[in-house]
Amino acid sequence: MSTPAVPGSSGLFTGFTKLCKGLAVVLIGGHILVQVFPAAVNYLALIPARTIPFAWNLLTAGYVEQSVYGVVVSTVGLLFVGKLLEPIWGSREFLKFIFIVNFLTSLCVFITAIALYYITQEEIYLYFPVSGFYGILAGFLVGIKQIIPDQELPVVKLRAKWLPSLAVFVSIAVSFWTTGAATYLPTIIFGTYISWIYLRYWQRKPEAKLKGDPSDDFAFSTLFPELLRPVIDPVASVIHRLLCGRSESPNNAEDYTAGGTPLPGSDPIEASRRRERGARALEERLAAARSAQESGRDATDSV
């Protein structure tokens, strides 16, 4: 299978896709809008008490960053991670992933806020505005873990498969020291989980006529360190039996067969090929970036 084209891979700060640039403009524009017109937060951010009748905030909340820090992190993350994922998934699938993860993450946050209100009778859960691109960024990390799980990232010297759990654990830890954790912690947790469900069961592969990635290497517990997997596996199995009508277990290969016929997406070879394509794409980008840096140094030396 041929290596996917990596457009614009001439350097670290080039090669950003048109779609990612357009979405970055949306994020920056949304931030400017709520700074110039603060009342816009009441209509664009997710405020559970106002979601009915303002149901559109389930869609708009993910693209509204209320802080400068948030818009910078979201924009940079979108551009750099999108440069890796979009060429592999395709622009249409990349946009579909963002749309579905954003909507379902907001819906889960809404349901959780309503439940917490009925449990605690605290109105803050109904009127606290929640917004930001963090859920989708967390989903991108799950996508990276799926494609290049064993790739060691430069600078941080960390394998890609640990990025989702690291983001969740760091967010939980930071929430103990910050009062604004409610604006990002639920979206990161739900974004991680929803994106895994999408990639595990729903993502279509038209070129291979497959759906999802049921490989053992992409079981939900593999997002976390091995120490936690004995605890996570039973919980994941119960939840996925409720959601999908079947248990979630790394050793449950029979769940993906019907009468001896594999279900769509149950091809581990295709999952392996997809990871190989992702690894090659990342290696090409890193090599191009190093080449560009060396060319720049040579040009400087010659001057």
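Numbers here mean position along the shown chain, with the first residue as 1.
Here the Cβ of each residue, glycine as well, is placed from N, Cα and C on the backbone.
Unlike curated entries, TrEMBL annotations are predicted automatically.
In TrEMBL this protein carries:
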REGION    250-277  region 'Disordered'
TRANSMEM  23-47  transmembrane segment
TRANSMEM  67-85  transmembrane segment
TRANSMEM  97-119  transmembrane segment
TRANSMEM  125-148  transmembrane segment
TRANSMEM  184-202  transmembrane segment
- Message: Using a Cβ cut-off under 8 Å, which residues of the same chain at least 6 positions beyond either end of the transmembrane segment (23-47) come close to it?
- Response: 54, 57-58, 60-61, 63-66, 68, 70-71, 74-75, 78-79, 82, 98, 106, 109-110, 126-131, 133
- What parts of the chain pack near the transmembrane segment (97-119), using Cβ distances under 8 Å and only residues at least 6 beyond its ends? 23, 46, 48, 51, 57-59, 61-63, 89, 125-126, 128, 130, 135-136, 139, 143, 186-187, 190-191, 194-195, 198, 202-203
